[in-house]
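First up is the structure itself, then whatever we jot down about it.
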Amino acid sequence: MKQTTLSMAVHGPLHCLGWILFAVLLLNSVKKADASSYVNPSPEGESWAPCGFAAEQLAAEGNGSTYGSCLACDPTNFECPPKCQSLINAMYKQCDGVYAPQDQYFDPAHTLNGYWNDNFGVLREQAARCGCSDAASAWPQRRLLSQVTFAAVMLALMLTKSLRQASRLLHPSGARSFALGQHIDDSQFSAFSLKLSDDQREFQQLARKFAREEMIPKEKHYDQTMEYPQEIFEKAWELGLVNTHVPEKFGGLGLGSLDGCIIGEELAYGCTGMATAMEANGLATAPLLVAGSDEQNRKYLGRLVEEPVQAAYCVTEPGAGSDVAAAKTSAVKKGDKWVINGSKMWITNGGVAKWYFVLAKTDSNANAGSAFTGFIVDADTPGITVGRKEINIGQRCSDTRGITFEDVAVPEENVLGDVGYGFKIAMQAFDITRPPVAIGAVGLARRAFDEARKYALERKTMGAPIAMHQAIQFMLADMVTGIEAGRQLTYKAAYEIDCGRKNTMYASMAKRFAGDHANQVTTDAIQIFGGAGFNTEYPVEKLFRDAKIYQIYEGTSQIQRMIIAKEMFSRQTMDP
């Protein structure tokens, strides 16, 4: 009891002391932010003539303020004093129409180093060229003041946190919690990090460079010709950007699911048609990672890292898409072989694959959970007929075909896992492959956002970039918010795989959200482009077409919601 009283007696004053320091530093910073922080323009106003301004007018229109205070006003914020707003707009028009460099990062939050600062940096330089150097120099002083204030506030917060942790050590239960990690509190926050490792960052940069230099310049060619991008695939294979999930024991890099998603986002940013062509191996190999023997994996996974070849996942049928249990392709045991008959459709990499994972019904009387068996089938096995390449509205260079199996004999050693276990293998494979699909949608959405943001800064209406209009800003803000949310959901789903935990719900959440958001982003991107977005000269129409499939393949958005609901009700709680 005495120790508790002592802790309270110490904790209260220390906590108050921290906040007192915070208040003192903040008030001191604010006190310094007076009119002396700005430089008044020449009283005669002569230096403003080239830009069409007079100092007296600035002072009067700004309600007695200096030009510096008008300059500190954000022209994209409609709460600015109207006359300051009009003066800044006039400044923009008079000074050669320069407002913002097109390669600057758009920062909707107007942080110190983002869109706000960069825009006014250009205004300041332009004002200097027009002879407005005195007033223009106010902005650097304002920025310095903001940075000093920010540093002071952060210092105060750090001191407060340190004092609170010190007081916690004086309390017995608090000391145990702090030392043993029995409770998650602010003292343990450093254990959670979203920072990429050095290796992850290197792979990200490698994939980003590859997407910009190899994929984007050729995206229109492959979209128009619908050719399979074998050249791109081989270059990516040489760099180690495909088949990254193959374990080291079978010759691969053995990267985790999260690592693969980091790479996949960059490839999808370049072109999702090419990315799907490259990532389809991941779908085909997932069943082997789930249930393959060492011998099977060494032969079939090893082949993918030994040479730049493809594989395919054959599950979907004319009457069995989302309803996998309705598949009718059959496999009957005859002697020491299994004979497969049936048809598959919408098979990605169907015409270029060297081997397939095939799901076939082996017991017509059993329920779905034990009626199917998975097989590894070499593409050159007699009895396999590959159909014509499908002409799709998007991701057109991805090779999608129907495949017919007619008395295709498969040896016993190519049965994947146990007989009757195929449906479970296929479903577990989706848990592995849905995060890569989701991150593909994120990468596409990010590309569409970047294209829309760039165009919004270039396109002018009523004398200003359309990025200055709140309606456009809100669309861009919603885009980038959803992109970040989709990325984090996908990272969570991938992280659960890497931790060896069941990720079914998170995988469906990520796939559903990212797929739907990619479609919303591309729709809004076309809206921002206006008539130009409806034209094939700009990339957003292709992104719009490419996005739709993310709401369909590997389980529609509606199926994902059903899975989420099932997982949700199967849990006692949804607490994190």
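Cβ coordinates come from backbone N, Cα and C, glycine included.
Per TrEMBL, the feature signal peptide maps to 1-35. Annotation source TrEMBL lists domain 'Acyl-CoA dehydrogenase/oxidase N-terminal' at 197-306. Look at TrEMBL and you will find 312-408 tagged as domain 'Acyl-CoA oxidase/dehydrogenase middle'. The domain 'Acyl-CoA dehydrogenase/oxidase C-terminal' annotation in TrEMBL covers 421-568.
As a summary of secondary structure, the domain 'Acyl-CoA dehydrogenase/oxidase C-terminal' (421-568) carries 124 helix, 4 strand, 20 coil according to DSSP.
Mapped onto DSSP classes, the domain 'Acyl-CoA oxidase/dehydrogenase middle' (312-408) shows 7 helix, 53 strand, 37 coil. For the domain 'Acyl-CoA dehydrogenase/oxidase N-terminal' (197-306), the number of residues in each DSSP class (helix H, G, I; strand E, B; coil) is 88 helix, 0 strand, 22 coil.
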